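Down below is the structure, laid out as structure tokens.
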Amino acid sequence: MPPDLAAVGAFRYHDFTMTTQTVKTRFAPSPTGYLHLGNIRTALFNALLARRQSGRFVLRIEDTDRERSRPEYIAALLDDLRWLGLDWQEGAGVGGPHAPYAQSERTAVYAEYYQRLDAVGHVYPCFCTPAELALSRKAQQSAGQPPRYAGTCAHLNEVERRARWERGLQPTLRFRVPPGRTVEFTDLVRGPQRFASDHIGDFVIRRADGGAQFFFVNAVDDSLMGITHVLRGEDHLTNTPRQLLLLEALGLPAPEYGHMALIVGAAGGPLSKREGDFSVRELRAAGYLPEALLNYLARLGHRYEHDEWMEPAELAAGFAVAHLGRAPAHYDEAQLLHWQTEVVGRAAPERLWTWMGSMVHERVPPDRREEFIAAVRPNTRFPADAVFWANRLFGGDWAPSDDSRTAIAAAGPAFFAQALAVYAEYGAAYRPLVEDLKRRTGAKGKDLFMPLRAALTGETHGPELARVLALLPPDVARRRLEACC
Ligand code: GLU
């Protein structure tokens, strides 16, 4: 639907109403690296919006940067999105009515739309070299003007163009931005926006090597694929007026855009390696579970009615564009760890067992699996924690912590002689064992439990002592108590 151009020098794009039109959102990554927290938050919000509205979520691969795009990054991002459970109904890997979904395969589509712009005189070849453009930008900057294309090639006649062709110059294709216009749109997150077209400057939509340029392919594909809503990072906000002008010139409908605040570090700067600049691969390898990332990211720059743990379907049901914040979203590792603890606390035992990995599988006897999981779950946030406890309970080389040496020394050998005696009598029957030990030694509370725990596990904190006692092979328990006598 072409916009209403009658408005004095300004135009508005129609508002899609979520009730009358199937919502279609997309994630459009450039496969030039692995997906990071920021990308997957964008993917997540678009997926949640589609799901919330019973719409469709599309995955489009923006691989027009031939030098930096790599097939292995495409494979990795498909894998990451699937691991996260961010399923798409249409797009790369699954196909759909607007295939192909990789921009590198859509050259013929773009050729047609370049042709259309050419036919209405909305584009022109630009022969300016990168060095000339840099010079012109510099001149504008020193004159205190915002850098924008000076229009050098905007009005070349045929003879001038031919002369440049003959010199062997390969032109880019520039979009002719209409002068004196105000581009207005209502951003889904940031509200009404106005941009003067005179500040934009004619921009490149096809590179000198014939490659399609981002502004163009991104806008054309959104429109052709029927995308109704685009949630993306606010670094794209100033691209939007350009893209709206392009779509207007092509007579193509535009989606609604919402520009989300970027994720920043605790101090407000860009994410660093210490502060959340992690790829999904790294987080997965570290043992993060997908629902932890989802629960965390869905709340990073978006507010839910309540702060409790939510299943992915609940995250979608409670998602609202109106709850997206404009303030920068600060990465907070403590929050991410909080949700990780929540997932580990909730995961089915079988799933946790697989997640704990081969070092645990090798260490823990098969018939103790369930008990082991129950014992260490509250003390486990990552597989490494489970490995730690598997070693402490079922062998492996380890030395007691300093705290536990102190606790053992404080209790003294006589305490452990009694402990051995009660163990011989009651074995893993925890209640009678501690009652009798209390009676025999007079120790109670911390003085009773701490040395016992320290002797049995080499730590002063850890899984419930009753569970530890039940899990420890009797000869191991006996040896550890003897070692303290
Ligand atoms: N390929 C673009 C990016 O990764 C997509 C931007 C957008 O969502 O429109 O930044």
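In case you wondered, yes, glycine gets a Cβ from its N, Cα and C as well.
TrEMBL tags one of the stretches 29-39, 161-171, 436-446 as motif ''HIGH' region', and that stretch is 29-39. Residue ranges 20-24, 50-54, 140-144, 270-274 are listed, and TrEMBL annotates 270-274 among them as motif ''KMSKS' region'.
Within its own chain, the motif ''KMSKS' region' (270-274) has Cβ neighbours under 8 Å at 36-38, 263-264, 331, counting only residues six or more beyond its boundaries. Lys273 (ATP binding site) and His155 (Zn(2+) binding site) are 48 Å apart (CA-CA, integer value). In sequence order, Ser136, Thr152, Cys153 make up the list of same-chain residues 6 or more apart from Cys128 (Zn(2+) binding site) whose Cβ falls under 8 Å from its Cβ. Mapped onto DSSP helix, strand and coil, the domain 'Aminoacyl-tRNA synthetase class I anticodon-binding' (433-483) counts 37 helix, 0 strand, 14 coil.
Calculated from their C-alpha atoms, the gap between Cys126 (Zn(2+) binding site) and Lys273 (ATP binding site) amounts to 41 Å. Among the binding-site residues Cys126, Cys153, the residue whose Cβ has the fewest other Cβ atoms within 10 Å is Cys153. The Zn(2+) site, placed at the center of the C-beta atoms of Cys126, Cys128, Cys153, His155, has further neighbours from the same chain whose C-beta lies within 8 angstroms: Tyr124, Pro125, Phe127, Tyr149, Gly151, Thr152, Ala154, Leu156, Pro171, Arg174, Asp202. Mean model confidence of the domain 'Aminoacyl-tRNA synthetase class I anticodon-binding' (433-483) amounts to 97 (pLDDT, 0 to 100 scale).
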